[in-house]
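S.K.: Dumping the structure here so I can ask a few things about it.
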Amino acid sequence: MALRSLPALVAGVLAFGLMAGTALADQTRIGVVVKIGGIPWFNAMEAGIKEQGAALGVDAFMIGPTSADPALQVRAVEDLIAQGVDVIGVVPNDAEVLEPVLERARAQGIKVITHESPNQRNVDWNFELASVEGFGDAYGKLMADLMGGTGKYAVFVGSLTVPLHNAWADAAIAYLKANNPEMELVGERYGVAENVDDSRRTALDLMRAHPDLKGFLAFGSQGPIGAARAVEERRKAGEVVVLGPFSPGQGQKLIHDGVLSGGFMWNPKEAGKVFVTLGDMLVKGEEIKAGTEVPGLGTINPEAGSKNIIVDQLVELNKDTIDGLAEMGL
Amino acid sequence: MPDTTPAAGPRFALPRLGSTERALAVVIALLCLFLALTTDTFFTLVNLLDLLNISAVNVIFAVGLLVVLIAGGIDISFAVAASVVQYLTALALQQIGGGGWISGVLIAGGIGFLLGAFNAALIYHFRIISIVVTIATFNLFFGALMFFTQGVSIYNLPSWWTSRVVLFEMETASGWAELTLPVVVMLAVVFATWLLIRRLTIGRQLYAMGDNPEGARRVGINIGAMHYLAFGWLGITAGIAGLMQAHYAQEVVPNALYGRELDVLAAVVLGGARLGGGRGTILGAILGVALVTITQNGLNLLGVSPYAFKMIVGAVILIAITLSNSGVGDLVTAMKNSARRGAARKADSGVSR
């Protein structure tokens, strides 16, 4: 039964798809495939996509696979090609797995934009809202400001093998070495920042081993939270600076209690808007080159021959911004 | 062979230290001595109380797991089960409008028991070996947790749950020394587990079943009930450990305890519990947790490069296991015995002369 009715069903769906396709043919269609659906980060991105789509009068929508599986992303991109969209945006789970299907999309004249995937092949553009140096420098600078340019600090990363965290840590440490030689790093770096318990334990130990420790810089989602809990327990709020990127909803209370000093992140909602803005510009045939002003990115400066647009549009996490970001569910 | 069967020895005498416990105690004592000499922060009240505060949750897990190991089973799922308990407890407390410590412990322990009983039911009624069942339930529990929560954490827990309870505090030269609630809960769980496996007949039956299931069945021990007891007990302790972890972390994060099962399992086995069942002591489990915690603490205090941490922790575990197997503990006893025998012989010869 089910099998016999399948062809009819497929035909129906196809007919519907074609009808829908022709009905909307005059409007630019932008589909963005993200890593996974239903999590706050990409919910915020979806809000940005919808908002900018409405503002520019284009049909922009997001597709969130049920799990962070590269194969599901490939299938989602194939679906978008079949639908005949004008622009495909992707936040890749796996850059290489997507290469062939993105090539196919471009062969059909579809513009392809990626995010958080530097040097992605078969794209028109990839954009980043934070550069490794920019992100590390911003943390180094804020750390120096809050510590008064002197004193001991420790660095946590998610794990000693997470490339991005370690690259950020390298940049921040290099910045502090160059600009604030009075500041002293204790104990290289600790790979505990993906676990709130390990971060707390290590922070407690380090504050004891170095009673004059004045700061923690933690790259990894749980690191700033764990270190802040330790500072709270040691009753050193205000004496020890804790910085790092964290989920605003999670750190909201700690920020207001003054045990978590702050940090930077980039706003996924802005990234969603940029997908639509860039896509619209590409479809309209506007030239994108060094010096072009793109709303949401600022004046861009891609290297010659490179398809990476890297800017530093960082959002500071502090007492003033945290409530707004937390409200977005981030 | 070291004599660690609990039935041996006079019933109300202090339990004799097994060779594993002795070896561990020797290693820990040496480690502490070394750290006390090389750092000026290890042997402070603040640090010692911190070690207690930090290891409380792991010890609660460890004594629960010990009961299952003694009964001849193994459980991989208890840490993620504790995460499930955290979530369900948070939801249940929301339903009843806040609750308090008593309702919290009852709910967490109750849900934990049910999850443990689920493992027991699969193992006993379907006769599947425990490692297979609990690897499956590990994935089931964690997968269901991620599916239903979509990875979303809970930050707004009832305030009684997250406000810190300090039972003893003292300002010292090196900062505030505190003893917090998890330590007291740990002591209570350890005491209850000690009562169960050392003082109650059903506890003795657990050892018997772990040692020789067929023999235990023939002497009339209810094997099914023993399964529910062992896995249910681990479930309860895991639930309470989850409650405590959320208490000090002040939030419920779905993957916060993921991976903890192997740390705890390693510590308990290090403490002399046999993976085949029938052997294991509470003291050993506690010493196993202590060794790992003290090593990590010492590495931070010494300022050793974090890149070397895993290597050193692994080496310390290997040394401790090698020592307990080669019978350093026995060696000490043997030396004492031979000294005693020597003295006795001398006395004998004195008399005969």
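One-based numbering along the chain as shown.
Quick reminder: no glycine exception, Cβ is built from N, Cα and C everywhere.
Take a look at what TrEMBL says about it:
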type	residues	note
TRANSMEM	B:23-49	transmembrane segment
TRANSMEM	B:56-81	transmembrane segment
TRANSMEM	B:101-124	transmembrane segment
TRANSMEM	B:131-155	transmembrane segment
TRANSMEM	B:175-197	transmembrane segment
TRANSMEM	B:225-244	transmembrane segment
TRANSMEM	B:280-299	transmembrane segment
TRANSMEM	B:311-332	transmembrane segment
S.K.: Residues sitting near the transmembrane segment (B:23-49): Cβ under 8 Å, six or more positions beyond its termini, same chain?
M.R.: 17, 168, 170, 172, 174-179, 270-272, 284, 287-288, 290-291, 294-295, 297-298, 301-302, 316, 319-320, 323-324, 327-329, 332
S.K.: Using Cβ atoms and a strict cutoff of less than 8 Å, what residues sit near the transmembrane segment (B:280-299) while being 6 or more residues removed from its termini?
M.R.: 4, 6, 15, 17-18, 20-21, 24-25, 27-28, 31-32, 34-35, 39, 42, 47, 50-51, 54-55, 58-59, 62-63, 65-66, 69-70, 190, 193-194, 197-198, 263-264, 266-274, 306, 308-309, 312-313, 316-317, 320
S.K.: Cβ under 8 Å, sequence separation of at least 6 from the ends of the transmembrane segment (B:101-124): give me the contacting residues as numbers and ranges.
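M.R.: Contacts of the transmembrane segment (B:101-124) (Cβ under 8 Å, skipping residues fewer than 6 from its ends): 73, 75, 77-78, 81-82, 84-86, 88-89, 92-93, 130, 133-134, 137, 141, 160-161, 223-224, 227-228, 230-240, 242-243.
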S.K.: Would you kindly list the residues that approach the transmembrane segment (B:175-197) from elsewhere in its chain, counting only those six or more residues past its ends and only Cβ-Cβ distances under 8 Å?
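M.R.: Same-chain contacts beyond the ends: 6, 44-46, 49, 52-53, 56-57, 59-60, 63-64, 66-67, 70, 164-169, 203-204, 206-207, 233, 237, 240, 244, 247-248, 282, 286.
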